[in-house]
Amino acid sequence: MSHKSDLIATNIQKYLQQHQQKELLRFITCGSVDDGKSTLIGRLLHDSKLIFEDQLASIVADSKKVGTQGDRLDLALLVDGLQSEREQGITIDVAYRYFSTDKRKFIIADTPGHEQYTRNMATGASNCDLAIILIDARKGLQTQTRRHSFICSLLGIKHVIVAVNKMDTVGYSQQIYKSIQDEYLKLAGSLQIPDIRFVPISALDGDNVVSKSTKMPWFRGSPLMHYLETIKIDYAHTDEFRFPVQLVCRPNSEFRGFQGTVVSGSAKIGDTIRVMPSGKITTIKSILSFDGELNEAEAGQSITITTYDEIDISRGDMIVHKDAISHVSSMLRANIVWMSEQPLIEYKDYYIKFLTKQVIGSVNKFNYKTDINTLKEVACGTLELNEIATVELNLSEPVCFDSYQKNRTTGAFIIIDRLTNVTAGAGMVIKPLAANDKKDSTNDYSEFELELNALIRKHFPHWDAKNLRE
């Protein structure tokens, strides 16, 4: 991790202690192709003195070979690491960079601007707290600008910095900047992004990136780095306790523990817990980790929980606090971002994976898809690559989840093609649907027939057996 600090040279122990206590901000750079995302990240690192000498020497040499800025230093090469990216002068994969300043630690996700790589962008944005959306001052808002903004809103990113880049190419015009700002605010009226900041920059020349530019005296705001260091992110772990069971650990007849990672909230020894979906209640007897026994476990920790009661707990179950239960349903409404070249169609079976739980499921209704240009709802019967829709899902068995708006981890799932095992889509739960709607459709079949039907569809998908639960 790159970092500039005087403490490194004088007191390494104090530096490490201080570094460990810093807030971590995960952010993403997104926008249309050639808006300057990779160059901006390179400029942030360069002007913050966070590039090692050997890295700088390598970039100087590579700029002469494959650079796109003539005789100037091509800072985009710091993050465009794939050979195909350098040859084409574009970003294809999601590139992650880690650095810190005296105020914060940062993880940057640099994502592709090309439409065909929108799925990579959605992947990069899924864990971020903030998004920098770049707009080329010469081109204004593009289709990908709208698509990426909508995906950021969909994924629950609350803070967006709109960086109007390449201001040097339009003579640092305040009028052009204001026009783009007004157009984006009009778009933002249809999005759920509560905090939007604007800053005019030139990533190539460094204007308003780390230091305030003298070339735009009309801009009264702060440079980009100041916003990154000071924007208040809600880090409070106030989410309800959620512990998806990944593995049942039974090394001998005397021990039975349940292993996994705490995805939200916290729990301590003696807490009364409920196992979902069964609803059975027990008490935490001990919490074990790699470092030994813990009194309390928090989000992000990998632990083993033991209980006082011998109750049935399996992989895919969710352990929660007694009175903070999650939804349990086999029918739900969700937003889908489709990532496969093969379209999503109604009633086709896929694997639906919620954390440690995988079931078979299908779309039994397309509510609508979203037109990226207008953000209006459009009727549809299928979903193509990079399209976004709201659908109703039918699952082979009940699963535990929260709404994505409430919990970004337990409210998310992926859709897997059963024949190729390719991740075909990503989903965000809106809400569960009424359970009695499900029961009405299965009254004509016994439980054995339903289970046999599920087994046939799981192991012989090429038979195209009808889902009896629909």
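Backbone N, Cα and C define each Cβ position, glycine as well.
Looking at 31-38, 63-70, 143-150, the stretch flagged in Swiss-Prot as region 'G1' turns out to be 31-38. Looking at 89-93, 194-198, 279-283, the stretch flagged in Swiss-Prot as region 'G2' turns out to be 89-93. Residues 165-168 are the range that Swiss-Prot records as region 'G4', among 165-168, 249-252, 265-268. Swiss-Prot assigns the feature region 'G3' to one of the listed ranges (46-49, 102-105, 110-113, 314-317), namely 110-113.
With helix defined as DSSP H, G or I and strand as E or B, the region 'G1' (31-38) counts 2 helix, 1 strand, 5 coil.
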